[in-house]
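Chemist: Sharing a structure here in structure tokens format.
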Amino acid sequence: MKQFLSAHDVSDIKALVQRALEHKAAPQANKDFGAGKRIGLLFLNPSMRTRLSTQVAAQNLGMEAIVFNIGSEGWALEFEDGAIMNGTTVEHVKDAAPIMGNYFDILAIRTFPSLKNREEDYSERYIQQFVKYAGIPVVSLESATLHPLQSLTDVITITENWNKAHGPWTMDHGQKKPKVVLTWAPHVKALPQCVANSFAQWINAWGEAEFVITHPEGYELDEQFTRGATIIHNQDEALKDADFVYVKNWSSYQQYGQVLNNDPSWMLTLEKLKSTNDAKVMHCLPVRRNLELSDEVLDSSHSIVTQEAANRVWAAQAVLEAILKEGK
Ligand code: CP
């Protein structure tokens with residue numbers, strides 16, 4: 001693997017999921033693989049799970065991980081080509097990224113969208129500038145439009161739970177595919193579309209689920225990610241017979257970055273789960289309780305959000321190992 005910015009960087013998702021589950025079974029079995037290698041984790045935005053899980057994953061491989069909260073502690077970066085830097089920015093990414101490329105073997109970056117300029121956000125300008133100028137493999141820790149480490153984790157978590165309930169995957173023998181439903185949830189703030197875009201991209205690329213997306217009208221995601229999924233605006237209809245329900249808020253893509261609807265009836269409850277196939281409930285976290293997801297669901301046996309967050313380590317470990325392997 002040369003970089004990890006989206007599902008398109010992975011040639012075989014099922015093999016990567018399998019490798020992650022092997023790491024889970026034996027976390028330090030490959031503990032010298034990354035000896036002498038260093039990863040830089042750059043955060044332009046806050047994080048808990050992504051930061052800690054990637055550090056643990058790197059350490060499990062024997063790598064050194066250095067965290068830099070560049071957004072709050074670094075020089076303000078300029079991304080505009082040809083900018084006359086007489087404003088608030090202090091250092092151009094053209095100058096900063098190659099230096100990081102010398103300090104590290106892998107550069108991992110979190111950079112959220114502005115939610116003001118759709119064209120700019122969807123061009124992934126910030127992370128692409130690091131790819132262009134760093135000269136080393138870049139891993140997304142969540143970018144303007146995608147969150148691939150989260151989505152790989154989500155596929156791992158679905159695989160693990162489905163296998164536990166039904167035995168190892170035997171799709172070739174006509175076994176039922178799990179019904180996976182991505183449902184929009186209310187929120188008070190305008191959130192990026194990244195997690196939802198990325199989940200849709202990965203579930204589609206994985207190809208092992210009956211995939212349904214449900215949201216109020218006006219919350220349609222970019223079709224480049226959702227193509228192949230069934231989109232239903234009636235949440236009750238969408239949830240019927242679901243095996244996995246993935247809950248997430250996102251702001252509007254069409255009326256870019258706006259909150260169009262905060263209808264509390266979209267919050268998932270135990271009552272709504274009655275029509276499902278005793279569905280497992282997922283969320284990337286952090287979650288706003290009793291706004292996005294009710295206490296009764298999060299505290300019930302339906303919820304696998306802690307297992308999902310714990311699996312972030314194995315996703316990161318499989319990705320870092322695959323990138324290091326490419327360089328050997
Ligand atoms: N899910 C996730 O990315 O969590 P953090 O924002 O805490 O890293």
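A Cβ is built for glycine as well, from the same backbone N, Cα and C atoms used for every other residue.
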Chemist: Kindly point out which candidate in Arg19, Arg125, Arg312 is recorded by TrEMBL as part of the carbamoyl phosphate site with Ser47, Met48, Arg49, Thr50, Trp75, Arg110, His147, Pro148, Leu149, Gln150, Cys284, Leu285.
Modeler: Arg312
Chemist: Quick check on the annotation: TrEMBL has Glu142, His187, Arg288 binding N(2)-succinyl-L-ornithine, so which of Lys240, Lys248, Lys325, Lys328 does it put in that site too?
Modeler: Lys248
Chemist: Rank aside, I only need the closest one: which of the binding-site residues Arg49, Leu149, Arg312 has its C-alpha nearest to that of Arg288 (N(2)-succinyl-L-ornithine binding site)?
Modeler: Arg49
Chemist: So which binding-site residues out of Ser47, Arg49, Cys284, Arg288 are up against ligand 1, CB under 6 A?
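Modeler: The binding-site residues passing the 6 Å Cβ test are Ser47, Arg49, Cys284.
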Chemist: Taking the residues the record says bind carbamoyl phosphate (Ser47, Met48, Arg49, Thr50, Trp75, Arg110, His147, Pro148, Leu149, Gln150, Cys284, Leu285, Arg312), how far apart in Å are the two Cα atoms that sit farthest from each other?
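Modeler: Site span for carbamoyl phosphate, by Cα atoms: 30 Å.
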Chemist: Below 8 Å Cβ to Cβ and six or more residues apart, same chain only. Which residues does that give for Glu142 (N(2)-succinyl-L-ornithine binding site)?
Modeler: Asn45, Ser47, Thr50, Arg110, Thr111, Phe112, Leu149, Gln150, Cys194
Chemist: What is the interatomic distance between the Cα atoms of Trp75 (carbamoyl phosphate binding site) and His187 (N(2)-succinyl-L-ornithine binding site), given in whole Å?
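Modeler: One finds 32 Å between the Cα atoms of these residues.
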Chemist: How big is the gap, in Å, between the Cα of Cys284 (carbamoyl phosphate binding site) and that of Lys248 (N(2)-succinyl-L-ornithine binding site), rounded to a whole number?
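Modeler: If we compare the Cα positions of Cys284 (carbamoyl phosphate binding site) and Lys248 (N(2)-succinyl-L-ornithine binding site), the gap is 8 Å.
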